[in-house]
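Annotated disulfide bond per Swiss-Prot: Cys28-Cys129, Cys38-Cys103, in sequence order. Residues or ranges marked as domain 'Ig-like V-type' in Swiss-Prot (evidence: sequence analysis): 20-120. For Asn42, Asn78, Asn118, Asn138, the entry in Swiss-Prot reads N-linked glycosylation site, with the evidence type sequence analysis. Annotation source Swiss-Prot lists GPI-anchor amidated cysteine at Cys129. Summarising the annotation, Swiss-Prot assigns pyrrolidone carboxylic acid to Gln20. The signal peptide annotation in Swiss-Prot covers 1-19.
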Amino acid sequence: MNPTVSIAVILTVLQAAHCQMIRDLSACLLGQSLRVDCRYENKTSNPLTYEFSLTRQQKHIIQSTISVSENVYRNRANVTMHKNLVCLYLHSFTTSDEGVYMCELKATNDYTGNQIKNITVIKDKLEKCVRLSLLIQNTSWLLLLLLSLPLLQAVDFVSL
């Protein structure tokens, strides 16, 4: 095999070998609901599968596309997916829902295995969610607004 072709194949495999990585896992209270944000870096367009679970004495699957969710959480939990963010919402959150929450992500055809991150959730120690946090994930609109303020002021469109 040609050495140039070999190097190209190795680089392709190495690039595809690590397709996503969980960057951050955070939790906050949104009214009476728990929100768990699982932020990840995705380097592929392959579909993403996820699993959110809670461990107290044993593991309880809350919401998943990897395995079957437990019945007790089906009516209380939902997941939303945004660019580089998977959010779990657990409604009617109480102290009995405290424990270690896990986010597990896997991109289809990613041979490095699942990416997993844990966070300990205690209701009294949770901060309230900032409602704009999802909008800030995509900051291009915010940057455009900030950059256009001087122009808007120059034409006396906005007076600050």
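Note that Cβ sites are derived from N, Cα and C of the backbone, with glycine treated the same way.
With respect to their backbone Cα atoms, Cys129 (disulfide bond) and Cys38 (disulfide bond) stand 14 Å from each other.
The two recorded residues, Cys28 (disulfide bond) and Asn118 (N-linked glycosylation site), have Cα atoms 14 Å apart.
Cα-Cα distances to Cys103 (disulfide bond) place Asn118 within 10 Å, out of the glycosylation sites Asn42, Asn78, Asn118. Neighbour counts were taken as the number of other C-beta atoms within 10 angstroms of each residue's C-beta; across the disulfide-bonded residues Cys28, Cys103, Cys129, the minimum falls on Cys28. Ranked by CA distance from Asn78 (N-linked glycosylation site), the recorded positions Cys38, Asn42, Asn118 have Cys38 at the top as the closest.
Of all Cβ atoms in the shown protein chains, 15 besides its own fall within 10 Å of the Cβ of Asn78 (N-linked glycosylation site).
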